[in-house]
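Each remark here refers to the structure printed beneath this line.
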Amino acid sequence: MNALRRIAPWCFALALIVYLRPYTGIRHDATLYLAQALRVISPDVFNRDLFFVAGSQADFTVFPQLLAALLRHFPAGDVFLAFTFFTRLCFYAASWYLIRVLFPGKMQWPAVFSLIVMPTGYGSYSIFAYAEPFLTARPIAEALSLIALGLLIRRHSIWAVIALGIAGGLHPLQALGAAIVAWCWLVMQDRRWLWALMAVIPVCILGIAKVGPFSGLFTRIDPDWMELLLQLSDNIFLSHWEVRDWCIVVTDFYLVYRFSRCVPIDSPLAALRKAVMAAFAVGLTLSVIFADILQLALPAGAQFWRVLWVVHWFAMAGLPWVLWEQWQRQPKDWVATILIVAIAGTGASVSRTTLPWAVLGLIPLSIAWPYVSAKVGRFTKGFMLIGLIAILVVALFRYQFSAWLVFKALGSSLERVRQDVVILGYPLVAGSLVALLAWIYARSGKSLGAALGVLSLIALGGAVHLWDSRSPWSRVVEASAGQDVFGEHVPPDSTVYWYSAEPSPLGPWLVLGRASYFNIFQMAGQVFNRGTSFAGIQRQLQIGPVNVQGEICDTVNAVNGEPDSCWIGDAGLRYMCTPYKHVAAPDYFVLPFRQTRHVRGTWEARHPDTGELLGSYYLYKCSDWADPSGKAHIDRQSWNSVSVRGGEETDNE
């Protein structure tokens, strides 16, 4: 029974790690790593892809080579699923290691559970996070970075450098953030580490000589390039972050500051906390100087502000300690405690639906409260408590209501949205559940402790069983890799434009194994390659009419309840398929709309379990649609004109 009681927190932590971040397939940046690995395997095919025509961010990592080695022997769907699970466990194992190094015994488990249930997002637009639930090089690089910091604290400097070096080889940006923290810690221990800045000299020499990846070190982002970058990659520049983004940054900094007041001044944690706060200033300052002011391409791409992932990690790990220290004060101050909960609950990055701007009032109030609380009456304190609780309730309601709207928009399908995770995964809900179970566990005897152990094992088994939450469409796409789904041979040197209501390059890359003509995902990393920005905008204009009309047809089909009641106008297809000056047209294109002619192949994607038709896709060859004169023009009316069954060509201007 004692054994069952001892394993309860371990199994429950693993269950939460698995349950709260289910696997949804090859998506987000995982698609980019897939393309990079496929390029290693078939360079003659993928060198034609927009993502690689002007170079790519793959030049800065060895991860695609490692991934390609696995893809040569195993299906992509299996590799990405298994490797995602592995990297997530690595991240939390590394977090546990660093927590064991830094935190006293009684605060270790609270720190671990806080990291699990609290939001992992940092930076701008709620698109950056550590321990991502899809496969990239970032989680494993973050894990190695955390291990490196732990090794550094334990004075194993050589091993720390090795771990950080491997992390840099996998994902330089995440490793750079941890390296700034490590350097600040070393300088605080011994000022002679300032001489490490001399390493900048050989880097500058390589930049001047334009050697390999350092060629963009002194390349200035010109106005035309900057205009394109700001359309899709403005998160690189701090001056373009929104107020809500800075609210999240301020929240993390304030929580780290409060954390610093809890730890013993002579502890390793106190020293590393100072290094984290110094690295915060260094990283943001370097970003402002090199990206926003000097506008240098490679330093802007280095995104020094990514040090925020380490800052956020410390803020979330230290949150339970901050709450416990505040709760232990006598006399007990409910307002001060709930203030911290409200700051963490609203200021942490939970999509774009909570109330981070509330911290602009909550943080100053939290700072001033110790000085004014004695002068505030009981009635006023009660009123303030009601207000703070109301803020938390409103934030929770906004989040759950927005999630419900998304769920309804996706057909209320639990196969597409894990609504249970959305509801229970909100930090206030998950955190309250963890706190309740921790309270019960702390007061449990042998029998109750054993029961909790059994319950945790059941929870872990259920979480693992449910972890693979890929939608039917994701499963079909991943299972169709390399298959001749259209019954038409597409030559290896072809480029394919694949229109989909939910943009993803997986169709050309994974299903057809061919270069993608254009997809918004291919613009990632454009700050490293000027050519990508301009080639991308040219191709985006080339497919512009088809993309616009496709969105119109999606709406028409949804309203009519029929998947084939609308199709693209001929003028738009002629425009896309006729080369314009030096801009080549795609060789093939795929649409979810059946045109009245020139259909080369049909793919009926069916539910892998029920056989239900998920959607039909049609393959076309651009040479069948190109303007014979070699010059295609399209007027404003034709740009928006689609064809609808039972009617004339419709203008949706």
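Positions of Cβ are set from backbone N, Cα and C atoms, glycine also.
TrEMBL does not curate its annotations; it predicts them automatically.
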Among ranges 111-131, 237-257, whichever one TrEMBL labels transmembrane segment: 111-131
Short question: which residues 6 or more past the ends of the transmembrane segment (448-467) have a Cβ under 8 Å from it? 1-12, 14-16, 18-19, 22-23, 85, 418, 437, 440-441
Would the transmembrane segment (7-24) count as touching the transmembrane segment (111-131), if touching means at least three Cβ pairs under 8 Å and pairs must be 6 or more apart in sequence? yes
With the transmembrane segment (79-99) as the reference, find which of 111-131, 160-188, 275-298, 304-322 contributes the most Cβ pairs under 8 Å. 111-131
Close approaches to the transmembrane segment (275-298) from elsewhere in its chain (Cβ under 8 angstroms; 6 or more beyond its ends): 177, 180-185, 188, 207, 213-221, 226, 236-239, 253, 256-257, 260, 304-308, 310-311, 314, 527-528, 530
Between the transmembrane segment (111-131) and the transmembrane segment (357-374), are there at least three Cβ pairs closer than 8 Å, leaving out pairs fewer than 6 positions apart? no
Distant-in-sequence neighbours of the transmembrane segment (304-322), which means Cβ under 8 A and at least six residues beyond its ends: 95, 99, 103, 107, 110-111, 113-115, 118-123, 128, 130, 142, 145-146, 173-174, 176-178, 180-181, 238, 249, 251-253, 255-256, 258-259, 262-263, 273, 276, 279-280, 282-284, 286-287, 290, 340, 344, 348
Same-chain Cβ contacts of the transmembrane segment (357-374) under 8 Å, 6 or more residues past its ends? 243-244, 247, 250-251, 254, 333, 335-336, 339-340, 342-343, 346-347, 381, 388, 391, 395
